[in-house]
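The structure appears below as structure tokens.
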């Protein structure tokens, strides 16, 4: 051992060294020297002195201690975390025996601890005279700096939230969607039930690990001494203790050992013969992904946007038109989960319980043709989404990190619910061909499917011809209600992709009555939006009932659904929105003839200042005649 001339810790180190064991892993460092507290003893110690020395161990952990090799010298296997507890007084004395106002108790035996005399004004070393253990005391100020509140796991958070505030029932979600979306009652019921079951699946699947851990702890056999140690540990614990891995001021060596102990305490999954011998097993609820299909402007995206506002889980809306296969220019498939992680504020545990809405999924349908060697934006994207829909671990780039650095976060999509939607233009023609197939000789069908583009072209050609709009809508809705998986496969979706979307929900087209309701009834309706625009210029907008029906008929003829309403309103109100600002117009009236283009919108103007002054003067003169008559009579 090297000597220290002016250092005050030399005597303390020498005293500790004389009462040590024959091996240890650490030492006391001070200034210019490093004195091993429990080092391998050579010939420097007398053998008789070593036999007379009591059995002691030393721990440098601020809030825990760990015996050497994780076990006591009596073989009781006490490698758990311990703390030095304080008595009634908060202020710790320096160099006192601990019998006054400051009382530090040993976490192993509960006996009083005494401070080690080191000729220093303040010491953090205490020892227990009964079990001969040394400890490092962490002050209250240091504990506030070092002890950080450990975030509870996502499973505990979900379980606690489920107990305190149960998930909204499907009827409540349905009523909320009804305030913003008109019609589509079947689709709203399916989404409401799917969201509610998603909450229940999270509550059922994730806390199962906690229950298994509790059962494993109960089955662990403990000796009476270990039970006594645990009882005293709970009795004298004075603060919440922190997992020491990675934050110990003395390094990560002790933290690594603690992490290994935690990993050993985690319940292990049953393997091999244990699965065969087990008599019962927990039911794991699997997810049912949803596919929404319907004409454009029927409310598919609006349903998703409205649903995202009322959920307590992360919700991400992703556009499939920009996705490409890995290695090509465009967005990677992992960007779908990256958006979900961003919505969860980069909380991985929370993102693994979210909902992903895949919009425009029909645009990734494969296009048949021998001229195309590789469909990177169609079938390649579907193949990349297969494991994502079923459940896999996705490597998502970290926040503020480039892709080339390789800094990724692993996200498990097993409990992520996927809702896909698409217009699927021409799908009704494919269903019609399937239902009206005519067979030639040897069972060969006369009308073979030609894929997505041929079906869409046939549907567009049918729209261009003159036909009854109401009959076309009814026929299309009737056919979509009979959609099957083989129709989607003929459209261009691969069978593996269709099989991972078991719930298929067709949305019906919007009729005239529904379009009139969309104009006025929802909270974010079209007519109230334009009325708010005119009210900013201190002007009113009045639209008659006949005008609303005429606007709905125009939208039906355009066959663009509810999106056609806004374009019609923009065209009708272009001139009024140009004339009203900085004018005397106080009201704009729109009737049926204005919608049909037979006349211009009507304006109601405020009276000018000169006319109002003349009317006021004439009114004063008229009021003056009775006064003069009364004065004359009096």
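Count begins at 1; order follows the chain as displayed.
Every residue gets a Cβ built from N, Cα and C, even glycine.
The transit peptide annotation in Swiss-Prot covers 1-56.
Under the heading region 'Disordered', Swiss-Prot lists 69-102 (among others).
Residues near residue 297 (ATP binding site) in space but far in sequence (CB under 8 A, at least 6 apart, same chain), listed by position: 510, 560, 561, 562, 563, 564. If you look up Swiss-Prot, you'll see 295, 296, 297, 298, 299, 300, 301, 302 marked as ATP binding site.
The region 'Disordered' annotation in Swiss-Prot covers 599-634 (among others).
The feature phosphoserine is assigned by Swiss-Prot to 618.
Within 8 Å of the centroid of the Cβ atoms of 295, 296, 297, 298, 299, 300, 301, 302, where the record puts ATP, the same chain has further Cβ atoms from 294, 423, 507, 561, 562, 563. Over all protein chains present, the Cβ of residue 300 (ATP binding site) has 26 other Cβ atoms lying within 10 Å. Cβ environment of residue 296 (ATP binding site): 423, 425, 560, 561, 563 lie under 8 Å away, each six or more residues apart in the same chain. Neighbour list (residue 299 (ATP binding site), Cβ cut-off 8 Å, at least 6 residues apart, same chain): 181, 182, 183, 184, 187, 507, 561, 562.
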